[in-house]
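Peer 1: My questions all concern the structure below.
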Amino acid sequence: MPRLDDHCWSCSCAQGARHRGLPGAGAGGLAAKVGDMLSPATLAARRGPDPDSAPARGPRSPGAGGRGAGGGPPGSWHHHLVQRSLVLFSVGVVLALVLNLLQVQRNVTLFPEEVIATIFSSAWWVPPCCGTAAAVVGLLYPCIDSHLGEPHKFKREWASVMRCVAVFVGINHASAKLDFANNVQLSLTLAALSLGLWWTFDRSRSGLGLGITIAFLATLITQLLVYNGVYQYTSPDFLYIRSWLPCIFFSGGVTVGNIGRQLAMGVPEKPHSD
């Protein structure tokens, strides 16, 4: 039978050994935890992201928050579109009245007496038709530039646009006033002036392509109108019209296109559905 003092001695030794082992293990674990807490990665995670190194936010999508790329409400784009259309329509009406007056006074264009209006001796349907055409062309130019990804930035100021209008009026005036031996010489002269107008105030591929397209379509419509007896030209040398008329249409398209581009500057883009 073991003695009591031996039992007590052995128990105290074992417990002492256990108590001596536990503090050592706890100290090691505590040191590891302190080391992890003081590591650079942990400190950086506790501080959070650095505001200086945070990535810059990209531009908001056009459809975010119901606003367009210009930052305006969705209705602002339609409001600007109506305003530009009215301005272009008014410009087309004024140019039609003034320029058609030169053609009528020089007996280049002949209208039936029953359709002649008292204002500027022009047929009643000429101003609204020219105004509508000017609105369509003026809105089409910046739209084509946007779709092609080639914004027009050449001489984008109103002074240049006004000079372009003055040159266009001068070309139209020359077609009625200048006297050449034949219409071919006049046509070549006006063609050179029209290309010079495009080179001076436009110089864009889209402007050249649209000008040629407008000249072709307008010439075709004019041929049909004259063929059906709506009005007529004196001394026609290009089927039913004058051979220099496409030059007038080309320079007119470039001029109205420049006005439309200038009006479109600073206008918010059309909001997208996505």
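Every residue gets a Cβ built from N, Cα and C, even glycine.
Any TrEMBL annotation is an automated prediction that lacks curation.
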Peer 1: From the ranges 158-179, 180-201, grab the one TrEMBL calls transmembrane segment.
Peer 2: 180-201
Peer 1: May I ask for the residues of the chain that lie six or more residues beyond the transmembrane segment (86-104) and have a Cβ under 8 Å from a Cβ within it?
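Peer 2: Contacts with the transmembrane segment (86-104): 111, 119-122, 126-135, 137-139, 165, 169, 172-173, 175-177, 252, 256, 259-260, 263.
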